[in-house]
Amino acid sequence: MELVGWLVDKGITSEKQWIQEDQASYISFNAASNSRSQIKAALDNAGKIMSLTKTAPDYLVGQQPVEDISSNRIYKILELNGYDPQYAASVFLGWATKKFGKRNTIWLFGPATTGKTNIAEAIAHTVPFYGCVNWTNENFPFNDCVDKMVIWWEEGKMTAKVVESAKAILGGSKVRVDQKCKSSAQIDPTPVIVTSNTNMCAVIDGNSTTFEHQQPLQDRMFKFELTRRLDHDFGKVTKQEVKDFFRWAKDHVVEVEHEFYVKKGGAKKRPAPSDADISEPKRVRESVAQPSTSDAEASINYADRYQNKCSRHVGMNLMLFPCRQCERMNQNSNICFTHGQKDCLECFPVSESQPVSVVKKAYQKLCYIHHIMGKVPDACTACDLVNVDLDDCIFEQ
């Protein structure tokens with residue numbers, strides 16, 4: 001009984017973990033004649049007790065208080081990307097304790113080498129049982145997610161075949177899934193962590209992409225955008241750092257807003273350079289000097305016009321040219337498809353002396369974009385073309 005209790009407290013489920021934790025005790029138990037059967041029985045009993053009586057916070061939250069958290073790698077990654085570590089830690093703690101109800105998923109989004117997989121891998125390996133989503137196998141994608149403490153969805157995509165089951169799992173609902181060579185099994189509410197550099201709210205159906213499930217999927221997630229690349233010697237997040245981070249979060253809990261985008265703030269800014277570090281710029285000879293563009297008309301910043309951005313432009317504050325993928329991602333929220341924003345001042349200019357009112361048109365037929373969106377626009381050139389009557393055309397007469 002003492003051995004099983006020790007295995008449960010340490011979260012040990014295999015002989016390899018036992019050797020790594022306490023090699024001397026493993027050798028002493030392995031020295032007896034019937035040791036193999038005792039070791040196997042103890043590990044099996046410990047696994048059953050953990051799966052039935054323990055949850056993820058029992059192994060994610062450390063026992064000892066943390067005095068200095070500034071050297072923690074998870075803390076550094078969040079601070080580097082502009083997040084308030086205390087607020088972000090409260091999001092992670094509430095996610096692990098299933099405090100947010102339907103919002104049961106943390107989505108770490110960003111390009112490669114930004115630390116998203118580093119964080120997710122460390123959290124998954126800290127708990128005794130975690131499952132991985134095999135999105136490449138559309139018949140049994142959640143085969144490994146039954147009776148787990150944490151579910152990890154690594155670099156996946158959302159397809160039309162699995163979206164309904166995925167919404168139930170991401171929302172913390174009980175759902176039965178098919179298993180290979182077995183009968184269907186029930187997945188209980190389990191915290192889910194997703195890492196990807198693609199849009200997980202866009203559903204791929206063959207060679208087409210739809211956004212009809214975007215809002216339901218966003219209602220089930222907290223999204224962290226990690227855009228700052230880490231140094232090559234940054235290192236891996238350890239299990240102890242995960243426990244220290246969650247323990248620090250438990251001791252410094254703040255109120256969390258239930259919203260898709262986790263708000264940023266509280267990051268440290270780099271100090272301004274001193275006068276001694278600023279050198280006088282070199283003068284360009286008049287014969288090769290180019291005209292300055294400061295007096296020219298400012299170019300359009302498309303970064304301000306896109307509410308949702310693709311993986312190539314998610315961290316950009318300045319976009320000089322439009323993006324076709326960003327246009328598609330904003331079609332369900334923007335009216336002006338030419339510039340990608342709702343209130344386009346170029347298409348609908350407003351003067352203080354003589355404001356211009358937008359003329360609303362009534363359409364009997366809608367273009368394919370507004371037909372999919374299910375909204376009637378105030379004005380749309382594509383809808384104008386659809387509603388043209390060829391009998392009224394001079395050339396047809």
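Backbone N, Cα and C define each Cβ position, glycine as well.
Taken from Swiss-Prot, the feature ATP binding site applies to G110, P111, A112, T113, T114, G115, K116, T117. According to Swiss-Prot, the domain 'SF3 helicase' annotation covers 84-239, on the basis of sequence analysis. Annotated region 'Disordered' per Swiss-Prot: 265-296, in sequence order.
A map of Swiss-Prot features onto the structure.
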residue : record           : Cβ neighbours (10 Å)
G110    : ATP binding site : 22
P111    : ATP binding site : 15
A112    : ATP binding site : 9
T113    : ATP binding site : 15
T114    : ATP binding site : 23
G115    : ATP binding site : 23
K116    : ATP binding site : 25
T117    : ATP binding site : 19
Look up T117 (ATP binding site) in the DSSP assignment and report helix, strand or coil.
helix
Note on ATP: the CB centroid of G110, P111, A112, T113, T114, G115, K116, T117 has further same-chain residues inside 8 Å, namely L108, N118, T195, N197, L226, R229, L230
Rounded mean pLDDT within the domain 'SF3 helicase' (84-239) lands at 88
